[in-house]
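K.L.:
As listed in TrEMBL for this protein:
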BINDING   Asn11, Trp12, Lys13, Gly181, Ser221, Gly242, Gly243  substrate binding site
ACT_SITE  His103  active site, electrophile
ACT_SITE  Glu175  active site, proton acceptor
Amino acid sequence: MTTRTPLLAGNWKMNLDHLEAISAVQKLAWALRDAKVDPESVDVAVLPPFTDIRSVQTLVQGDKLPVQYGAQDLSVHDAGAYTGEVSGAFLSRLGCTYVAVGHSERREYHAETDEVVRAKVEAALRHELTPILCVGESLDVREAGTQNDVVLAQVRAALDGFDAEALDGLVIAYEPVWAIGTGKTATAQDASDMCTGVRGALEEMFSAEFAAGVRLLYGGSVKPDNVAEIVEHEDVDGALVGGASLDPESFATLCARAVGK
Ligand SMILES: O=C[C@H](O)COP(=O)(O)O
């Protein structure tokens, strides 16, 4: 029987400044309460820009809001002469629970290789942050029908050499690149098939027990209207939501529908 707690994570990308973030998180908490989303049975998180995180921390911790938070990226380094980089140590000090690693926008616009992604997973773990490892295929790969090979290779490369204990709590988000911000969603069956494939790969790499504990999310044009269908599949434990997480009321509705409210 599955005991994985569903996770709905809102990746704000480069949207909402720190003042807007305060308002958005407060409204999200109210809307989740109004929608009767039980924080004991579902995790709701936001991943704001770095410059917002201190404000979000102050609000969430001060008012004990049932919203988790994290960052969209981190440095492979812990400290030093790395202009513009943000250390996992700093994120940890800000109370972050999660950090996204290997988002396709990082892979594409910042040339992050599988090697860099693996180093970022390691950096997150060093600072007790839960990595949300993002994997996904491009449109040409999907059209060639080799998406399973590509995505499972990304998973293996990012997790190569770790032991299961170190990866406890790991989250993996399957985000087909062609479905991000395009309004095109993979079918619920496509999402489910890939998540089942990823879980199988985790079982081969580590153990059945480990694989059964990893939360697998789908991301790519998830909206309040399609989330229920996507997460109803056994292997899909939630969603990584971009555009539809920017409006707090709409994101709360999405969270409520994901858990059948
Ligand atoms: O991290 C989130 C994904 O990139 C999905 O973005 P989207 O929901 O705007 O398609």
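Here the Cβ of each residue, glycine as well, is placed from N, Cα and C on the backbone.
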K.L.:
Counting other Cβ atoms within 10 Å, pick out the least crowded of the binding-site residues Asn11, Ser221.
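P.N.:
Ranked by other Cβ atoms within 10 Å, the binding-site residues Asn11, Ser221 bottom out at Ser221.
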K.L.:
Which chain neighbours of the substrate site, leaving out Asn11, Trp12, Lys13, Gly181, Ser221, Gly242, Gly243, have a Cβ atom within 8 Å of the mean position of the site's Cβ atoms?
P.N.:
Asn15, Ile180, Val241, Ala244, Ser245, Leu246
K.L.:
Do you know which of the recorded positions Lys13, His103 has the most other C-beta atoms within 10 angstroms of its C-beta?
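P.N.:
Of the recorded positions Lys13, His103, the highest Cβ count within 10 Å belongs to His103.
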K.L.:
Out of Trp12, Glu175, Gly181, which has the highest number of nearby Cβ atoms, where nearby means within 10 Å of its Cβ, if these are the recorded positions?
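P.N.:
Selected residue: Glu175.
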K.L.:
With DSSP assignments reduced to helix, strand and coil, which class does Asn11 (substrate binding site) get?
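P.N.:
Strand, per DSSP.
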K.L.:
Out of Gly242, Gly243, which of the binding-site residues is least crowded by other Cβ atoms within 10 Å?
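P.N.:
Relative to the other binding-site residues in Gly242, Gly243, Gly243 has the fewest Cβ atoms within 10 Å.
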K.L.:
Would you list, in sequence order, the recorded positions among Asn11, Trp12, Lys13, His103, Gly243 whose CA lies within 10 Å of the CA of Glu175 (active site, proton acceptor)?
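P.N.:
Within 10 Å of Glu175 (active site, proton acceptor): His103.
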